[in-house]
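Working notes, structure below.
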């Protein structure tokens, strides 16, 4: 018995030490209270139950705390808006002020949206409760800016190739080569999409900045890059090929459909070859028969997809 007594004493001492540890060790489980960490004795003797299923906003990600439903709704609205506005940006560029001027103007609009987004994401703005309205306003402004940029950057890049026919060139090493216009256009867009894909890696930086620092700094990064982009446009303005606007194909398409609808609903009647001079002047015809044929083809394709 004398040999077993020290063992029982050690067991009692371990239990006492676990109780002391229990009284000083607390566990935060997300509630307003903190709870004791169970001791070895608690784990072996107490009944185990399930914890409370979280149903409140406590612990939601994001600085606003509006919840996943609001975040999803705003994201879908922003994506939808960014796909609608390029229609108007294309009409403005093709019909009125040209691609370069449209891109420059809407870059400035986009930058204003980034400024609003950055300023309303600082800690003082979050504490004042103006972050959500600022986010919505910034989304609208940025969406408008996207509408003038997205639809015009690629066409402007393509317009920089003024070659229409191949020609022979002697390289510095003496080799004779044929400079091909199509290959030149391909090279332009290879560099163009390389730059886009490099920019697509930026979320690797911004998401980590947001996680480990703040939202406003993550938004400040694209704002600074946009300032550089606008400076590049200003510096390279005189070096770029800028074509004058010669009419919007989209507006001409609507005009063709309107003329066809008002004349027996036939696209054949919208062809200039089938119209009188008075009708051409009245409808301000700027299209040709090939454009109407292409319009008819597009209408047929749309009807197929609609069915």
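Heads up, the Cβ atoms here are built off N, Cα and C, so glycines get one too.
Residues 215-235 are the range that TrEMBL records as transmembrane segment, among 215-235, 236-256, 257-277. The stretch that TrEMBL tags with transmembrane segment, taken from the ranges 100-119, 160-179, 280-299, is 100-119. A Cβ distance under 8 Å defines the sequence-distant neighbours of the transmembrane segment (71-93), meaning residues of its chain 6+ beyond its ends; these are 62, 99, 101-103, 106, 135-136, 139-140, 142-144, 146-152, 245, 248, 250-251. Long-range contacts of the transmembrane segment (191-209) within the same chain: residues 154, 157, 217-218, 221-222, each at least 6 residues beyond the stretch ends and with a Cβ under 8 Å from a Cβ of the stretch.
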